[in-house]
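A.B. asks: According to Swiss-Prot, the domain 'HTH araC/xylS-type' annotation covers 174-272. What Swiss-Prot records for 191-212, 239-262 is DNA-binding region, and it gives sequence analysis as the kind of evidence. Residues or ranges marked as site 'Interaction with sigma-70' in Swiss-Prot (evidence: sequence analysis): D241, D250.
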Amino acid sequence: MTVLHSVDFFPSGNASVAIEPRLPQADFPEHHHDFHEIVIVEHGTGIHVFNGQPYTITGGTVCFVRDHDRHLYEHTDNLCLTNVLYRSPDRFQFLAGLNQLLPQELDGQYPSHWRVNHSVLQQVRQLVAQMEQQEGENDLPSTASREILFMQLLLLLRKSSLQENLENSASRLNLLLAWLEDHFADEVNWDAVADQFSLSLRTLHRQLKQQTGLTPQRYLNRLRLMKARHLLRHSEASVTDIAYRCGFSDSNHFSTLFHREFNWSPRDIRQGRDGFLQ
């Protein structure tokens, strides 16, 4: 597995924060690093396989990656993101207690993926741009300024994450997308789902299309197919069982949609013919 080292990304040995844009981020094999990072998805779509679990990421996704986590990107489509790198929560010169603002693992579950709405994403970009402008300066005031900006970034993300901000339709759409990640195999009635998240059906269609480039049903089908592809690669379940587990009632229809999406059949993926990045 590829290991990325801080010496190749941080501007100096005493720098606590570094900014690494990926505009765009291409498919990238599984790797880990000797530093931590916050991945901020600007726009586009892709699959982020995090510690073996696939997540669909779009504009507004924020992922917190620790130094022992392994992850990869695949099936990217104009995926543009910015990585905010930091050595460790306890390696800041002027800040202490940052760990309390970061996601916490509880009972083996780590809430690695958050979502923010478009207006918050704009504020995030501004903070990141300020940090990036100061990267070449190593004096104490500049170091303190970068660390303060990093603290502001964490506070903004925490206050604006799904769990704490459901006051507008964009935030409710983000909550809906997170719900689909857990309920993709369920039979989805879009009228009922729109009501569940206090959205009109028209608003749901419009905002989801704006954020992902896909209609709701097309997004759900892609999500199901992504989950199925992951199971084909990483489980011994039959194609039929995987189809049913991922929300398809007809394995032949599943195979047709799968081939249309990936240009490979489920059997091809199972046999590794697509040259999956290891």
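Backbone N, Cα and C define each Cβ position, glycine as well.
Quick one: how deep are these features, and who are their neighbours?
C.D. replies: Residue counts for the DNA-binding region (191-212) under DSSP, split into helix (H, G, I), strand (E, B) and coil, are 18 helix, 0 strand, 4 coil.
Helix, strand and coil counts under DSSP for the DNA-binding region (239-262) come to 19 helix, 0 strand, 5 coil.
Neighbour list (D241 (site 'Interaction with sigma-70'), Cβ cut-off 8 Å, at least 6 residues apart, same chain): empty.
With a cut-off of 8 Å between CB atoms and residues at least 6 apart in sequence, the same chain places A243 near D250 (site 'Interaction with sigma-70'), listed in sequence order.
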A.B. asks: So if I exclude everything within five residues of the ends of the DNA-binding region (239-262), which remaining residues of that chain have a CB under 8 angstroms from its CBs? That is, six or more out.
C.D. replies: 75, 184-187, 220-222, 224-225, 227-229, 231-232, 269-270, 274
A.B. asks: What are the DSSP helix, strand and coil residue counts for the domain 'HTH araC/xylS-type' (174-272)?
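C.D. replies: Final tally across the stretch: 72 helix, 0 strand, 27 coil.
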